[in-house]
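Over in TrEMBL, the protein carries these features:
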BINDING   183, 185, 186, 187  ATP binding site
DOMAIN    172-302  domain 'AAA+ ATPase'
DOMAIN    383-452  domain 'Chromosomal replication initiator DnaA C-terminal'
REGION    1-100  region 'Domain I, interacts with DnaA modulators'
REGION    356-474  region 'Domain IV, binds dsDNA'
Ligand code: ADP
Ligand code: MG
């Protein structure tokens, strides 16, 4: 009988089928196509690199036994990775990759069509193919270690970041998770690590991306049927920096794909750096398996800067801008803006601008006006939508639940609190608040505000809700 790739593979499949679960067989073996047989090497086509890795990891022994039965002790297996749903340009791209010497099945071949020469395809989405295509890091060189001032509030995170930058993938801080409130320097530090790595190891592929953008790209890839390419692209990165991972909350598809990418990178000694506005224990709607990964490395908190750090950040900013500022003014700003470095910078920038545009001398009075305006301005940004989001997050429900018609006590209370804060922090009328929070009338909102006032006096637990939430809005 004539031995062909097909007949060899059919026999292998029969053997494999007897030895694994039907579901696994369906998932991992049915999609494989035998391509060619030369001497004792069988080439099989698999749909993605991830697929190939999965086979290597989980089924290589079985494959080896099956193949050896068919082709003798010198049997070889060659993988051809063929992406489905490729683009116009079908030119194949072939790359030899090092064999997995565990089993001595060599060589493997990657046959990945690339979509090159397409000018509208900008990074970071160039797609597989790769290697010769440069991946732009998307790093901001203005966010570096030099201008990331050290203080008690950031010492651990900063030095962990430096350690990672010195030896990406080579420390136990993998992943490195930097967490802390808004405006405390997460994005700055994340860039600084990337910039430093690029400086020390120019040949490494570093990529900075916000979790939001990552999610958009993923959704896009699902729409366009290029999910494999998406995964493949991210698996090529040496240092992956994902900013604001809390954005992945509730997005199970993106979490799933990130889980696979993370595992791949981690197993291959690549560095992952994440930032989040919360500690892993406080993250909601993030899958347990992902949370547990986040905890593998180091979670380092950025805290609110103390007074000395605030002063040195201000002085540094002034110095870099080449302006002068009387000491009492710096002191005034540092004493009055405490919890957010972005606002601290905003105030000083606005002060510098005011004084130079209006040719006014920077007086304490001007500083007071600016700070006041600044603080007020940020207050005015609180919208009813934002309030509803914060209150529902706090009570671990979604906004739709908060707005729903239910009479369940904890939901009613959450809704009343949202109304109360909307009244307190926005200029909206009772009627407008009511219509935005679940289509209620003004009387309901009025009642809600009174109820909250009453409960604040009589119910200790409820008082705590108000205090916790107030902190989030001020
Ligand atoms: P986050 O991402 O945590 O919201 P950012 O990284 O955007 O905060 O930081 C807000 C601003 O504060 C940026 O302009 C950043 O340069 C500045 N900043 C934060 N931390 C420091 C620091 N330690 N030294 C100097 N500037 C800082
Ligand atoms: Mg940020």
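Glycine is treated like the rest: Cβ placed from N, Cα and C.
Just so you know, TrEMBL annotations are computer predictions that nobody has curated.
In this structure, the binding-site residues that sit close to ligand 2, with a C-beta under 6 angstroms from any of its atoms, are 186, 187, chosen from 183, 185, 186, 187. Note: the ATP site is recorded as 183, 185, 186, 187; in the same chain, 180, 182, 184, 188, 189, 275, 302, 341, 342 also have Cβ atoms within 8 Å of that site's Cβ centroid. Residue 187 (ATP binding site) carries a helical DSSP state (H, G or I). There are 23 other Cβ atoms within 10 Å of the Cβ belonging to residue 186 (ATP binding site).
Cβ neighbour density within 10 Å is lowest for 183 among the binding-site residues 183, 185. Assigned with DSSP, the residues of the domain 'Chromosomal replication initiator DnaA C-terminal' (383-452) fall into helix, strand and coil as follows: 51 helix, 0 strand, 19 coil.
Within 10 Å of the C-beta atom of residue 187 (ATP binding site) sit 19 other C-beta atoms, taking all shown protein chains into account.
Across the range of the domain 'AAA+ ATPase' (172-302), the DSSP-based residue counts are 67 helix, 24 strand, 40 coil.
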